[in-house]
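As written in Swiss-Prot, here are the features:
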type	residues	note
SITE	R15	site 'Transition state stabilizer'
SITE	K22	site 'Transition state stabilizer'
SITE	R152	site 'Positions MEP for the nucleophilic attack'
SITE	K209	site 'Positions MEP for the nucleophilic attack'
Amino acid sequence: MEYVVVIPAAGQGKRMKAGKNKLFISLKGAPVIIHTLRVFESHAPCQKIILVINESEREDFRQLLAQFPIQTEIELVTGGAERQHSVYEGLKMIDKESVVLVHDGARPFVTHQHIDKLVETAEEAGAAVLAVPVKDTIKRAEGSRVAETFDRSSLWAVQTPQAFRLSLLKTAHMEAENKGFLGTDDASLVERLDGYQVSIVEGSYTNIKLTTPDDLIFAEAIMKAESGNHNV
């Protein structure tokens, strides 16, 4: 059940309109990235955290980790031009065959229970993603007009972490690089390989990614609810 997690943290998060890396935004007394790191710090099967960063922010991350120490081993790695390239740089730092998780730095509410199920599924199937059934009707548009309505019953909103056997994910990234393919997530790279399928593990609607200012309101509400549950 042991695993290594790669967390791409080099994005600027322009939709957050914070004027800085959104992972540095304070949430209930600590930066968003610290809340995310604490999830893995408190999960015994996590052997190492690879934090992929923008080189210009290396000192910022060092200072942050000095102020908010994390006991699990963390390696800071310089990322690439796109998220996909950053993840690949992180994967290069892992030598021992294992299950590797790829997780958004701005997704601090994933639970240990879901991580355990995800790792277990990846060990068996090779690749697995957390996802939740889509609640809303999804339509494809052309300009400002509806072009198609999809059957919602078969649609899932994919989250992170996503879990893979290390060798499989490395192969998928190498293949994507060789063919110049840029995917929307790591699972999409594996889906392109012959003979491999990605399993779905049902997650939670509270495992939100903090992308826009409104998400911070939802995050505070989730934290308040979690705090209330702990006090019961």
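Cβ from N, Cα, C; glycine included.
What Swiss-Prot annotates, mapped onto the structure for a quick look.
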residue : record                                           : CB count, 10 Å
K22     : site 'Transition state stabilizer'               : 26
R152    : site 'Positions MEP for the nucleophilic attack' : 12
K209    : site 'Positions MEP for the nucleophilic attack' : 14
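Comparing K209 (site 'Positions MEP for the nucleophilic attack') with K22 (site 'Transition state stabilizer'), their Cα atoms are 11 Å apart once rounded. Under the three-state DSSP scheme, K209 (site 'Positions MEP for the nucleophilic attack') falls in the coil class.
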